[in-house]
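Since the structure comes first, as structure tokens, the remarks are kept for the end.
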Amino acid sequence: MADLWTNYLLPLLIVIGQSFLLLTVLLITIAYILLADRKIWAAVQIRRGPNVVGPWGLLQSFADLLKMVLKEPTIPSGANKGVFLLAPLVSCVLALAAWAVIPVDAGWMIADINVGVLYILAVSSLSVYGIIMAGWSSNSKYPFLAALRSAAQMVSYEVSIGFVIVCVLLCAGSLNLTAIVEAQNSQYGLLGWYWLPLFPVFVIFYVSALAETNRPPFDLVEAESELVAGFMVEYASTPYMLFVLGEYVAIATMCAMGAIMFLGGWLPPLPIAPFTWVPGVIWFTLKLFFMFFMFAMAKAIVPRYRYDQLMRLGWKVFLPLSLAMVVIVASVLQFAGLAPK
């Protein structure tokens, strides 16, 4: 009985506790990321944004949550009820599952696996199924068209993100997220992070992440002028909220990936005091919000692409460019003797 408790039950309880803590912190962070998105958009348009609920509007996201939960969910009469209700759950759960392997500080993750980057890529690839299920089960033309667009868009840009990951893998010599951060630890501080030597790759990752998460200017899935509200046309109340939550968790995941692969994760910008006095989780959070600020500014400033422009950019520009960068990075590492041992 003692062996059962020590070897199975106690580790299980620890993982459940860690998961609950991560989920709580992540959902609170997402609430303020959503508020930041609205505030940044308002600032660009010279508006105030949400400023009524709580001091400076800080409780606006929680008021929206309460409003959504208290509304009655509606299901179209011709919809496939089971798939219709399962779709937002699939989308949200898969987005949250990716955070199991993301380290917010040294040793601060639920699972430290050696193929963490591949795990995140695989889980984020599966999230398209939630959107396809929503589009098909709604039994409506606009959600179905949006779901088809989303499938094509996400598949197109996952290829570029895959080659970006290969470039980082070549430099770090590992697919372990902690090892990737440690590989960027040098006496040069932020100049030793991968954003500088791999800057073209960083730009490809940033734009591909925008397309992967259906963010403007690549929000063809939710193009209001063409598809009303995209695959979420028939959704209301809690299912709609789960879709929005899944979307913003996926955005936070991509921001965290950018922070880990190119901005040194939890490392301070300079390896000297007083920067080293600040906990690593604070640096990681600041970098995550910096990445999200870039996402939000793209939404506020750049007009939406046409669908043919989106596909052309993915297949005719980013795919050959990312493939060329893999060859260039591998060649430089090999011939300059910089390849990780």
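Heads up, the Cβ atoms here are built off N, Cα and C, so glycines get one too.
If you look up Swiss-Prot, you'll see 13-33, 82-102, 115-135, 161-181, 190-210, 242-262, 277-297, 317-337 marked as transmembrane segment, on the strength of sequence analysis.
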### Message
Applying the under-8 angstroms CB criterion, which one of 161-181, 242-262, 317-337 scores highest with the transmembrane segment (277-297)?
### Response
242-262
### Cβ pairs under 8 Å between the transmembrane segment (161-181) and the transmembrane segment (13-33), at least three
no
### Summary
Sequence-distant contacts of the transmembrane segment (115-135), meaning Cβ under 8 Å and at least 6 residues beyond its ends, amount to 83-84, 86-92, 94-95, 97-98, 100-102, 143-148, 150-151, 154-155, 158, 161-162, 165, 168-169, 175-178, 180, 212, 221, 231-232, 235, 243, 246, 250, 253-254, 257, 261
#### Entry: the transmembrane segment (13-33) in contact with the transmembrane segment (317-337), cutoff 8 A, at least 3 CB pairs, sep 6+
no
### Intrachain neighbours beyond the transmembrane segment (317-337), with Cβ under 8 angstroms and 6 or more residues off its ends
157, 159-160, 163-164, 166-167, 170-171, 198, 200-201, 204, 207-208
